[in-house]
Amino acid sequence: MEIRAAEISKVIKDQIASFGTEAQVSEVGSVLSVGDGIARIHGLDKVQAGEMVEFSNGVKGMALNLEADNVGVVIFGSDSEIKEGDVVKRTGTIVDVPVGKGLLGRVVDALGNPIDGKGPIVDATRQRVEVKAPGIIPRKSVHEPVQTGLKAIDALVPVGRGQRELIIGDRQTGKTAVAIDTFINQKAVNAGTDEGKKLYCIYVAVGQKRSTVAQIVRQLEENGAMEYSIVVAATASEPAPLQYLAPYTGATMGEFFRDNGMHAVIVYDDLSKQAVAYRQMSLLLRRPPGREAYPGDVFYLHSRLLERAAKMNDENGAGSLTALPIIETQAGDVSAYIPTNVISITDGQIFLETGLFYQGIRPAINVGLSVSRVGSSAQTKAMKKVAGSIKLELAQYREMAAFAQFGSDLDASTQKLLNRGARLTELLKQPQFSPLGFEEQTCVIFAGTQGYLDAVPVNRVTEYEAELLSFLRSQHADLLGLIRDTKDLGDEAKGKLVAALDAFAKQFA
């Protein structure tokens, strides 16, 4: 076989020409110490604040403290497999999670990984978790209602699409129940095809027991609400960094709907536990503690989260994200640090009281302390017309009831006020998982404020309401349809309603 020098030199020249000098450079560091969900890393000199890093066993972390000689990283997962000396890589990315309609009906963890055993998530894109809230110009004032299906809320503290309404109260006062009822009540609007009317639901569980989360998922499934809901769970047994991250993950999933001209409501249950998780992380990272040992930026923790709930203007798709954050108080102390912070950030609060709960007034809403800073602009015209007087009557009733305990000889007008107030209070009670449409609420509250209940004994008010609703549904469905379609209680509807109530009064005895 003949060897030609020219051919050999050509092969060598070709190889030299195609020789790549680019080496794969990735900046790495090594673990100095690890424990309690925090790792100290040596190296990674060019890492950026908030950047994701990856440990040698595949667990991800986020760089939060950039110090002169080391980097403080919070670990999104178990730290038991990580040991001193392990290699840590920069990823060059910021925490992102899957978003989109493919998440509806699913239960995911704080990083968006499915934990419900239903396989991988399809039809989803990825979006960054930490984004700036919309500015002032792209927003619009809140004007469409979120129908919670609870008379006490829809009549007295209405919530609008794009509002942030705090639900605050002690443990076991029914805070989560209010949120779950709101989800269940969206079944009717979500059954339609109009994306402008639908309201998708996101539930973020922070530091809850796993059994509690499983129970909530079961309740949503049994009531047919899971198909338009997403559950993000960072339970009590998960590391603090995941409990800190979960609300932002939920907000990112909600922003997908908001920015695409759709509507979503998100419940953070609860932000007290997120603040505790953040305090734990901050103290372990050796950040200086402030009041109640919370770090100085705990206000910013919640404000940047809740500012992402907004109503967008028509040029930006007219979508909305409504936030219902939950705060748990200790012995009714709303003047503690975290409750006052969140009250000042939100557009109103629904205040639930243990005393009312044990008296059997459920939902246990303290009507005097609960406010909505959006007010009647988030109500339908029909509800606005009937709910205006109920607020005043209940306020007068509370004032009088305090005095009436001392005096026995009350004049007729005071007695009438007390009788009416007792019946209205009874009327606002509602069992769990039985939300009402606004047209039914309108009729019931109209009956209460127009004196139809004055002759009914207090202990029969609930019975009166149930029978009235079945009477209206069976014999006056056209009236309910008229109120539902016009969203108003015009002269025609009012005349029909008065006639129906008069007819019902004769048969209810």
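Glycine is no exception: its Cβ is also placed from the backbone N, Cα and C atoms.
As recorded in Swiss-Prot, the features of this protein are as follows:
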- G169, D170, R171, Q172, T173, G174, K175, T176: ATP binding site (BINDING)
- S370: site 'Required for activity' (SITE)
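Annotated features, which come from Swiss-Prot, shown on the structure.
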{"residue": "G169", "record": "ATP binding site", "Cβ neighbours (10 Å)": "27"}
{"residue": "D170", "record": "ATP binding site", "Cβ neighbours (10 Å)": "18"}
{"residue": "R171", "record": "ATP binding site", "Cβ neighbours (10 Å)": "10"}
{"residue": "Q172", "record": "ATP binding site", "Cβ neighbours (10 Å)": "12"}
{"residue": "T173", "record": "ATP binding site", "Cβ neighbours (10 Å)": "26"}
{"residue": "G174", "record": "ATP binding site", "Cβ neighbours (10 Å)": "19"}
{"residue": "K175", "record": "ATP binding site", "Cβ neighbours (10 Å)": "26"}
{"residue": "T176", "record": "ATP binding site", "Cβ neighbours (10 Å)": "21"}
{"residue": "S370", "record": "site 'Required for activity'", "Cβ neighbours (10 Å)": "21"}
*Taking the mean position of the Cβ atoms of G169, D170, R171, Q172, T173, G174, K175, T176 as the ATP site, which residues outside that list, in the same chain, have a Cβ no more than 8 Å away, listed in sequence order?*
E328, L352, T354, F357, A364
*Cα-Cα separation of T173 (ATP binding site) and S370 (site 'Required for activity'), in Å?*
15
*C-alpha of T176 (ATP binding site) to C-alpha of S370 (site 'Required for activity'): distance in Å?*
17
*How big is the gap, in Å, between the Cα of G174 (ATP binding site) and that of S370 (site 'Required for activity'), rounded to a whole number?*
15
*Where S370 (site 'Required for activity') and K175 (ATP binding site) are concerned, what is their Cα separation in Å, rounded?*
13
*In three-state DSSP terms, the structure that T176 (ATP binding site) belongs to*: helix
